[in-house]
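According to TrEMBL, the protein carries these features:
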- Gly87, Trp88, Ala89, Gly90, Thr91, Gly92, Lys93, Asn94: ATP binding site (BINDING)
- 257-312: domain 'Torsin-1A C-terminal' (DOMAIN)
Amino acid sequence: ALEPLSVGLAIGVASALTGYLSHPRFYCSYVECCPSAGHRLNATALKVQLGAKLFGQHLAKDVVLKAVMGFSNNPSPKKPLTLSLHGWAGTGKNFLSQILAEHVHRAGLRSKFVHLFLATLHFPHQDQVKLYKEQLQNWIRGNVSACPYSVFIFDEMDKMHPGLIDAIKPFLDYYEQVDGVSYRNAIFIFLSNAGGDLINKAALDFWTSGKRREEIQLKDLEPMLSVGVFNNKNSGLWHSSLIDRNLIDYFVPFLPLEHKHVKMCIRAEMTARGYAVDEEVVQAVADEMTFFPKEQKIYSDKGCKTVQAKLDIHEDA
């Protein structure tokens, strides 16, 4: 028979070990956990990463950084943070949303607390909008119940069926709770090409008048952008109650990229692949891109979207 002292010691050691293994700090170092209530984003790290990886978007960087940090540092926000990012393809909308997701949840888009919806993949059929609305509400409710700091990214908003996104309106409103669940700490991000033409025209007008693109301010574009998107039948936010009720906190414009920005993207991609930056290759790839307007050729019509594919051709070089 075991001595009582030995038995007691064994039980004590086992209890201590069990307690240590189940401690949140230890457990969450191996399994992803939802951030605690005191979790705050690192403003310096986010600013540095945006500065190093997002090119030609002074407005988007400034607006999103201030909005996200203000939201993160607010101990009791009145509603979830809702951002709508607009601009042509390749200007950095997806890139910014990925960077932001990684700063809220370390695993970024791989996190079980970050949810990406693609309009053409998740909501393809017009005749099933009623079903999609119900599924979307249940999905968001379930995920925010599991983690109040969930991030929801809706891509291809310009391809989303009109009225569908209004299903989440109660979750974005100024309610303390909806059916016992608080959504005030969640982040919702909409990505859309809608409004890109308006942004490009405004940028070209600034250039034509001799002004620097860095002089463009949010007040120069946001009112026009919100109205344009609201009245655009192909925006996914056409006549949306989210706009009508002022539930979108910021309409963030992404400006068209110039030659110098495209070259920045090429250099960054070469560095990411472990190559030494060769300016001849950078110029060769940039020369293969197409620019508009036809006469001036100021802005890349695809942003940096095709840089990776173009660079593949030059890998031997």
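Cβ from N, Cα, C; glycine included.
Positions of the features from TrEMBL, shown on the structure.
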residue : record           : Cβ contacts under 8 Å, 6 or more apart
Gly87   : ATP binding site : Lys93, Asn193, Gly195, Gly196, Ile199, Pro253, Phe254, Leu255, Pro256
Trp88   : ATP binding site : Asn193, Gly196, Ile199, Asn200, Phe254, Pro256, Asp301, Lys302, Gly303
Ala89   : ATP binding site : Asn193, Lys302, Gly303, Lys305
Gly90   : ATP binding site : Leu257, Ser300, Lys302, Gly303, Cys304, Lys305, Thr306
Thr91   : ATP binding site : Gly56, Gln57, Phe254, Leu255, Pro256, Leu257, Gly303, Cys304
Gly92   : ATP binding site : Leu54, Phe55, Gly56, Gln57, Ala60, Phe254, Gly303, Cys304
Asn94   : ATP binding site : Asp155, Leu191
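Take the mean position of the Cβ atoms of Gly87, Trp88, Ala89, Gly90, Thr91, Gly92, Lys93, Asn94, the recorded ATP site; other residues of that chain with a Cβ within 8 Å of it are Phe95, Asn193, Phe254, Gly303, Lys305.
Lys93 (ATP binding site) counts 27 other C-beta atoms within 10 Å of its own C-beta, drawing on all protein chains shown. For the domain 'Torsin-1A C-terminal' (257-312), the DSSP-based tally of helix, strand and coil residues reads 29 helix, 5 strand, 22 coil.
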